[in-house]
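Features reported for this protein in Swiss-Prot:
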ACT_SITE  H480  active site, proton donor
COMPBIAS  217-229  compositional bias 'Polar residues'
COMPBIAS  251-267  compositional bias 'Polar residues'
COMPBIAS  321-331  compositional bias 'Polar residues'
COMPBIAS  673-692  compositional bias 'Polar residues'
MOD_RES   S49  phosphoserine
MOD_RES   T171  phosphothreonine
MOD_RES   S209  phosphoserine
MOD_RES   S222  phosphoserine
MOD_RES   T261  phosphothreonine
MOD_RES   S265  phosphoserine
MOD_RES   S690  phosphoserine
REGION    1-309  region 'Disordered'
REGION    321-357  region 'Disordered'
REGION    672-692  region 'Disordered'
Amino acid sequence: MGNSSSKSSKKDSHSNSSSRNPRPQVSRTETSHSVKSAKSNKSSRSRRSLPSSSTTNTNSNVPDPSTPSKPNLEVNHQRHSSHTNRYHFPSSSHSHSNSQNELLTTPSSSSTKRPSTSRRSSYNTKAAADLPPSMIQMEPKSPILKTNNSSTHVSKHKSSYSSTYYENALTDDDNDDKDNDISHTKRFSRSSNSRPSSIRSGSVSRRKSDVTHEEPNNGSYSSNNQENYLVQALTRSNSHASSLHSRKSSFGSDGNTAYSTPLNSPGLSKLTDHSGEYFTSNSTSSLNHHSSRDIYPSKHISNDDDIENSSQLSNIHASMENVNDKNNNITDSKKDPNEEFNDIMQSSGNKNAPKKFKKPIDIDETIQKLLDAGYAAKRTKNVCLKNNEILQICIKAREIFLSQPSLLELSPPVKIVGDVHGQYGDLLRLFTKCGFPPSSNYLFLGDYVDRGKQSLETILLLFCYKIKYPENFFLLRGNHECANVTRVYGFYDECKRRCNIKIWKTFIDTFNTLPLAAIVAGKIFCVHGGLSPVLNSMDEIRHVVRPTDVPDFGLINDLLWSDPTDSPNEWEDNERGVSYCYNKVAINKFLNKFGFDLVCRAHMVVEDGYEFFNDRSLVTVFSAPNYCGEFDNWGAVMSVSEGLLCSFELLDPLDSAALKQVMKKGRQERKLANQQQQMMETSITNDNESQQ
C-alpha cells in the first residue's frame, strides 16, 4: 500500500482485456481532491497488483468496431489523496452488440466540501445552516423501493410462518458460567500462493492475536411432538480432512449439475430428540474448526484464524469436549426462543403490558442519543439506551424487514456500503462524508457486527435509521448476521457484557428477517457474498421464507459466503470451508442470464476500499477503514446516480488517536449547535412572553 504506480498498473490491467461478454458503453469522469489522512508506516508497503497488460492512453480510444469491446478505463489512484472515481452504466437494456466504447475522462478541480444548501434544508429553517450534518432534520426523499402485489403477498405469507419456525438463538442463561470460557491463540497469516494474486489484497501482514471467546452452553428447545420441523443434526468430523470432504448442494433435486459444499459450513444444527440441543459437541467443535477459515479468506487479507499448530488445535478441541460434557448435564427448561420473542411482541401492544413497554420510544431522540455516544469517543460499560428501548428497536425493525421483500428492487440514486464490523466512529465519518439520512439513500450489504468494539451502537443506529426511513434506508444480511458466527467473533460477548443474553437473542431473531439481495435500476445486483450455482431464478430469492437462519448449504448460504476467483473452474469449493468460489465464466453467465451489468458485493477486505474483478463486471466494496486496527486499508462507498453513474467515495484509514480527534471535533460542533438552539428557543420564548 502507498505505491501509486502499482495501483495504476492494477487498474490499467483491465483496459485491454479481451471480452467474452461484451458490455454496454461505459464512460467515466474522475474528480480528485486532497484530503487529510492519517496513515501509518504500513503505507510504505508495496501491494500486489493484477497481471500487467499493455498500458492505455489517457486520451479517448476508439477500438475496432468489428470486435467486441470492453470499457477502457484508466484510474490513476494515488494513495496520499482521497478521490472519487465515476463509472457510467447506461440505463438502456443489456446490449451485447459490437458497439464502440469511448473513454471520457474529465478532470475536475472541485475540492472536498460539505454539501451545503440541499442538505441543509429542514422543517424548521432557523439556524439550519449552522447545524452540523448529524443534527439537520430534512424531509425524507421519495421512496426508492419498488413494490408489487407479488412481493406484498410473499411478505404476508412469510409472517404466517412464525408459528412453525424455530429461531436460531441460544438458550443460555444470562449468568453463564465463566468456567466455560476458553482462551486460545489464533494465528492470522497469509495463505499459500495457490490462490490467484488478482483477488488478493496487497496490504497483507502476518499478525498474531489473542482471541478470547466463550464457548456456548448447550441449551435446549422445548419439544413439540405435533411439529416435525426440526432438522437432524449433521454429524461432522473435527479433523482437517473434513474441510476437504463435500456434499451435494441443491436447491432442488431435479438439477442437472451437482455441486459440493464442505461439511464444516456454518449452518445451525438442530436435533430431533427431546433435548433439542442447539450446539452439540460435534457441531460446536465443528464451529471451532470452521473458524480457522472464517470470514475473510486468506486469498485477500488473511485476518482469519488459521490455527497452524496441530497440537494447539487438538488442545482446543479437547477443551471444547470438556465444556460440552459439562453442558450436557445441564437441564434447560426455557421455552422456544421464537415463543419468547412473540411474547415480547404481544406484550408491546397489550394494554396490560409491563410499564416499560407502554411508552413507545422516540426514534429521533434515540438517534441523537446514539450519535452523542459516538462522538463522545468513549466505550462505556453500558449502552446509552436501556434494554427495553433496545428490545423495542429490534421489534420495530423486525416488523419492517418482514413487510418488505427478501429481494429488494430499488431505484437510484443510492449509496452502497460494504462491511462495517462495529467500527462505529468510522460509520459516523461515513455519514458525515456521504450525508446523514435522509439526505442520501443507503443500501448496506451486511456485516454490521463482530470484530469491531462498538457493534451494539453500530447496529442500533442502523436499525433506527431503518425505522425512521423505511423506504430510503436498506440493510441486507451478511454472513456475520448469524447466531453461530456472532457467538465466536465478538457480538455475543459484547451483548452479554454490556446488556444481557436476551438482548443478543432478540438481535439474532431480527437478523433472521433481513433481506438477502437487492437489484438497483434492474442493472446492478447487490449481495453480501456473491453468486450461487443453484440460483436459477430471481424468484427463488423473492420467495425465501423469513425468518430463517443460515443453512449449512444452498442458496442462502452461497449468497452470504461465496467469493470470486481466477480459477479456471467455473465453480469450486471455497477455501473458507464454506460455499463456493465462482470464476469469470460464472459471472458472465449470470449477467447474461438475468440482464445485469454489474455485481456489487462486499465480504472481503480490499486495500483501496473497492476493487473490480472480471473486467469491471463485479466490484467488491469494503467500508471499514483501518480494519481491526491492524490493516491499512481504505474504506469505500459506491454511489449510484439516477443515470447509473457509479462513483466511489473513500474514507482514509485513521488510527485510534486520529479518529478520536475527528470525533472530538464533531462533538464540539454538536455542543455548539445545541447551545445556539437553546439560546434561540429562549429568545423566542421571551419574545412571546413580552408580546403577551
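Please read every residue number as a count from 1 along the shown chain.
Cβ coordinates come from backbone N, Cα and C, glycine included.
Since this is a predicted model, take the numbers as computed values, not measurements.
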Rounded to an integer, what is the Cα-Cα distance in Å between S690 (phosphoserine) and H480 (active site, proton donor)?
-> 59
Reduced to three states, what secondary structure does DSSP give H480 (active site, proton donor)?
-> coil
Which is it, of H480, S690: the one of these recorded positions whose Cβ has the most other Cβ atoms within 10 Å?
-> H480
